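Visitor: The structure under discussion is supplied below as structure tokens; questions concerning it will follow.
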Ligand SMILES: Nc1ncnc2c1ncn2[C@@H]1O[C@H](COP(=O)(O)OP(=O)(O)OP(=O)(O)O)[C@@H](O)[C@H]1O
């Protein structure tokens with residue numbers, strides 16, 4: 001894993017029950033040691049798979065615990081030392097963003113990045129001497145171009161996202 005300030009990792013989830021019932025075929029494979037993904041075009045055996053390299057790759061048998069220790073742990077350590085850090089999950093619906101970020105309590109290895117980060121931060125605070133920490137938390141969702149406050153009593157829309165007419169950000 002390099003020391004760039006922005007790291008991109010890819011995680012592949014297993015086929016779900018619906019996909020298994022439909023006899024879907026896995027078109028993605030990974031060489032996790034080389035951090036490479038290979039995507040085959042179904043029905044095109046003669047074509048070589050498309051190949052992509054990331055800062056990290058996590059296949060169906062790998063856990064959120066592994067991902068956290070390799071990717072998030074160093075970043076959260078930096079945060080407790082006063083550096084800024086951001087982790088976000090990006091992917092189409094059903095791709096496993098909530099599974100990775102929020103996770104499940106059983107098995108414990110699949111506990112999500114968010115609860116792991118909270119435990120990590122508060123353990124570091126407990127162990128620190130002569131340092132005051134201020135922890136602020138908010139929980140927002142951007143869904144259909146609307147920003148919602150998930151900690152609010154009602155899921156109130158607090159902003160609507162807008163695109164800049166020129167640079168489209
Ligand atoms: N690595 C994984 N191992 C096992 N199951 C997984 C994994 N990733 C995702 N899943 C399962 O796949 C399904 C879809 O995952 P999830 O709800 O996390 O997707 P999502 O990207 O958050 O979707 P949406 O954008 O619609 O909220 C869930 O049933 C989840 O338990």
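Here the Cβ of each residue, glycine as well, is placed from N, Cα and C on the backbone.
What TrEMBL says about a protein is an automatic prediction, not a curated fact.
Sharing the features that TrEMBL gives for it:
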- 91, 92, 93, 94, 95, 96, 97, 98: ATP binding site (BINDING)
- 5-169: domain 'Kinesin motor' (DOMAIN)
Visitor: Name, in the order they occur in the sequence, the residues of the same chain whose CB lies under 8 A from the CB of residue 92 (ATP binding site) and which sit 6 or more residues away.
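Guide: Same-chain residues close to residue 92 (ATP binding site) (Cβ under 8 Å, separated by 6 or more): none.
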Visitor: Neighbour count, 10 Å Cβ-Cβ cut-off, for residue 97 (ATP binding site): what number do you get?
Guide: 16
Visitor: Can you work out the mean pLDDT of the predicted model over the domain 'Kinesin motor' (5-169)?
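Guide: The average pLDDT of the model in the domain 'Kinesin motor' (5-169) works out to 91.
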Visitor: Identify which of the following binding-site residues, namely 92, 93, 98, place a Cβ less than 6 Å away from any atom of ligand 1, and list them by sequence position.
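Guide: Once distances to ligand 1 are taken from each Cβ, 93, 98 fall under 6 Å.
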Visitor: Using the structure shown, find which entry in 93, 95, 98 (the binding-site residues) has the sparsest Cβ neighbourhood within 10 Å.
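Guide: Each of the binding-site residues 93, 95, 98 was scored; lowest Cβ tally within 10 Å is 93.
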Visitor: Where does residue 93 (ATP binding site) sit in DSSP terms: helix, strand, or coil?
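Guide: In three-state terms, residue 93 (ATP binding site) counts as coil.
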Visitor: Using a 10 Å cut-off on Cβ-Cβ distances across all protein chains shown, tell me which of the binding-site residues (91, 94, 96) has the largest neighbour count.
Guide: 96
